[in-house]
Amino acid sequence: MIGRTKEGSLLRLFYPTDAKELPQDESQWTRWYLGDSYSRGLGKFVAPWFLQGTFAWLLNWQTRYSLVPSAWCSNLLSGDKKLPVVVFSHGLGANRSMYSSVCCQLASHGFVVAALEHRDGSACSSFTLNEEGEKEWLEFELHKPGDKQIVLRSKQIGIRVKECQSTLTIMERLNSGGVENELKNAFDIRQLIGRLDLSRPIIAGHSFGGCAAINTQLQDKRFKLCVALDPWLFPMKDSVELCSKMEKHVLCVSTDTFQTPENLEAMSHLPSQLTSFVTIKGTVHQNQADTPFLLGTAGRLIGGTNSKLDHSLAMEINNALMMAFIHSHHGLPKGLSDEYGERWDAFVAEHQSKLVYGLYGTARKMIGWNKTGL
């Protein structure tokens with residue numbers, strides 16, 4: 001946390017280390033679970049009011065001891081190699097921990113990923129700190145019945161873009177030094193001084209975060225590449241024509257049961273010569289987040305996150321598409337051989353039968369466009 005107020009930034013930092021294996025002591029692994037407030041916020045987002053408490057209890061029970069396969073507060077990769085930066089924006093009702101499967105993949109190949117937690121009311125929960133250092137909680141903001149949803153979402157997308165821009169500014173400050181982390185832990189942020197390659201940062205995100213990534217790329221020329229996972233473009237439906245002004249390369253990786261004709265039409269405004277559209281067949285929206293790994297078979301069926309394609313393979317394909325795209329346009333971090341780029345290309349080639357190129361989707365309803373959901 002840089003700054004204690006909403007004007008500051010709260011993020012989870014994923015970065016490469018020297019370690020070749022995870023610690024044998026699992027207490028040194030990263031905890032996925034962020035607390036009861038986050039579970040209650042997720043319940044508020046996905047469940048009807050009379051089941052929200054039950055859902056939160058079940059989520060606490062299922063995820064309280066869940067671990068991310070990464071070493072908590074381990075030292076940064078040694079040496080003087082510059083590490084490229086990715087800013088990642090989460091989806092509606094998510095948080096800074098929800099995309100560990102994606103962020104760990106990037107970090108393990110030399111990227112420093114700043115997974116920010118939005119304070120615009122779209123995260124399942126978040127917090128600031130008061131003068132005494134106590135947490136003050138920010139709850140998930142529901143769309144009020146009778147109000148036009150676009151009013152809330154367009155306001156939130158504006159805040160999200162500013163938060164993404166602010167996060168990149170904070171990464172610049174971390175690189176130059178003199179920044180204090182308000183959340184005390186064992187990681188010395190001074191390790192980042194002079195280690196970040198800020199010449200070509202990447203903006204990425206999922207769903208609402210995909211929309212935020214596209215909008216941020218349009219407004220902030222510091223970002224050189226954009227990765228939008230299953231972008232939900234309803235929040236910018238009144239300004240979607242701005243997508244045609246995109247000047248940087250964009251990758252849109254979609255799941256086939258999320259995208260609708262209305263959303264695909266909005267996505268079509270992105271310049272075809274700069275945008276790569278690809279859909280992973282047999283997938284659902286949550287295949288690009290950690291959710292399917294946390295819930296178990298029964299939980300996936302109940303929670304609507306069960307997919308025809310195995311969820312582990314779906315995530316591998318998603319990450320391979322992302323890494324191949326980045327390698328194609330940016331290369332990989334200095335010191336990593338070209339064999340990694342070739343590996344991603346080969347993996348994507350191996351699974352061509354599971355991919356559809358171009359704009360594609362099989363869904364008929366989506367939040368906002370069809371007056372469904374929140």
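Easy rule for this one: first residue shown is 1, then count along the chain.
Cβ coordinates are placed from backbone N, Cα and C, and glycine is handled just like the others.
Under 8 Å, Cβ to Cβ, and six or more positions away along its own chain, Ser207 (active site, nucleophile) finds Gly91, Leu92, Ala94, Leu229, Asp230, Pro231, Trp232, His285. Residues or ranges marked as active site, nucleophile in TrEMBL: Ser207.
Just so you know, the Cβ of Asp230 (active site, charge relay system) picks up 29 other Cβ atoms within 10 Å once every protein chain is counted. Per TrEMBL, active site, charge relay system is recorded for Asp230 (among others).
Every protein chain considered, the tally of other Cβ atoms within 10 Å of the Cβ of His285 (active site, charge relay system) stands at 23. If you look up TrEMBL, you'll see His285 (among others) marked as active site, charge relay system.
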